[in-house]
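Notes to accompany the following structure.
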Amino acid sequence: MVVINNVKMACMKCIRGHRSSTCKHNDRELFPIRPKGRPISQCEKCRIARITRHLHVKCTCNSRKKGSKCSTSSTTDLDSSSASNSSCSIPSSISEKLLPRDNVKTHCPKRSASCCGKKPDVMPLKINLESQTDFMGMPLQSQRPHSESYRMLPEPEKFKSEYGYPSQFLPIEKLTSNVAYPPNYNNYLKSPYQQPTNFPPEIQYNYSHSPQHSIQEAEEAAVYGPPVYRSGYQILYNNNTDSIAAAAATHDLYPQPDVPLTFAMLADGNYVPLPSSTNTYGPSNSYGYEININESTNHVDSSYLPHPIQLSNYFTLPSSCAQADAACQCGDNCECLGCLTHPNNATTLAALNHISALEKETISHTDLHHTFKHEVNSSNNYELTNDELAASSPLYTSSSVPPSHITTGST
């Protein structure tokens with residue numbers, strides 16, 4: 001096989017015997033090797049229009065004759081494959097030279113509106129017909145001309161939120177469909193402290209503002225329960241009681257309640273225990289404090305929640321996670337006490353349950369003390385002193401009252 005002016009040549013016997021690639025005959029007449037595939041049936045102008053404008057029509061340049069080229073005067077530089085595929089006359093011997101493409105200035109005998117008009121509707125472009133298409137055979141985006149006749153691809157259908165806001169991300173239901181919910185999650189959804197589903201759209205928390213935030217908040221809502229934004233506090237929900245028990249054992253946070261409580265973190269960093277799921281619709285929580293429920297808005301006002309707990313009043317918080325001006329660097333498995341980024345970790349909930357259990361015992365002891373004192377006063381009609389009350393009350397033992405103040409025997 002001999003290459004002359006970027007055209008592969010071989011003798012006729014080797015071409016017919018399918019040995020054109022190994023042909024080394026120099027004493028025979030050589031002929032150009034036709035490329036594989038179907039022959040070109042369109043002129044150069046129609047081929048460019050087929051690619052750039054998607055005009056899949058038959059070439060109407062029927063005035064073209066064999067051995068002539070139907071093209072206008074242009075300076076289009078075609079590669080070797082396009083030159084060999086053209087229908088121009090090709091020299092039949094080595095002695096003849098191929099004319100350069102820039103000097104070809106032939107015209108159709110009869111001008112056609114689709115081929116050889118005086119004012120072509122498409123300007124000549126320097127396009128490589130083989131390398132300027134993608135893997136699907138479509139022209140690349142950077143090579144597509146900006147014209148009104150170009151057919152744009154349809155945009156993908158966008159999802160819309162519940163209140164009509166456009167969202168290009170998946171709905172929140174599809175993100176959390178395969179996530180395991182806590183065992184008492186249905187009880188939480190029935191509680192009067194949940195976020196209403198029919199409040200106005202201007203206070204609807206939009207999950208579609210960022211794909212990263214939407215996925216992260218969807219996962220947190222599936223594990224810890226949906227956050228409450230209306231009344232200024234966030235529900236801290238953790239269904240893993242084993243992790244809370246392990247954290248309590250590690251840090252010796254005893255006593256603990258029989259069932260871990262659910263807490264709400266206020267905007268100022270305080271924590272408030274919420275009613276348990278067994279007393280969801282009751283007038284008071286497990287501590288006996290009444291909670292004001294607004295029936296019109298179906299949420300709890302944070303000003304009526306009992307005894308806000310501040311962890312810094314009970315524990316030393318050396319971790320930077322508990323500081324308001326620092327971000328957590330521990331990741332999703334953070335177990336730092338009082339972490340503001342992960343307030344529902346097992347260590348924080350174990351400490352809150354420990355403080356709540358102590359306050360509950362103090363409240364119950366105080367109530368029993370006042371009840372016992374009232375009964376004694378009503379029966380004896382006189383007020384007992386502290387020493388007499390300490391000696392007669394079963395709540396005060398040697399660990400809580402100094403031994404010198406305890407009297408033995410009956411009063």
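Any Cβ shown, glycine's included, is placed from N, Cα and C.
Quick caveat, the model's predicted, so the values are computed rather than measured.
If you look up Swiss-Prot, you'll see 1-40 marked as DNA-binding region. As annotated by Swiss-Prot, Zn(2+) binding site applies to Cys11, Cys14, Cys23, His25, with the evidence given as sequence analysis. The compositional bias 'Low complexity' feature in Swiss-Prot is assigned to 69-92. Annotated region 'Disordered' per Swiss-Prot: 63-92, in sequence order.
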Legend entry - Other same-chain residues whose Cβ falls within 8 Å of the Cβ centroid of Cys11, Cys14, Cys23, His25, the recorded Zn(2+) site, in sequence order: Met1, Ala10, Met12, Lys13, Ile15, Arg19, Ser20, Lys24, Arg28, Leu30
Legend entry - Three-state secondary structure, which DSSP defines for Cys23 (Zn(2+) binding site): coil
Legend entry - All-chain count of other Cβ atoms within 10 Å of Cys23 (Zn(2+) binding site): 21
Inset, instruction - Using DSSP with the three-state reduction, classify Cys14 (Zn(2+) binding site) as helix, strand or coil. - result: helix
Inset, instruction - For His25 (Zn(2+) binding site), just count the other CB atoms lying within 10 A of its CB, please. - result: 14
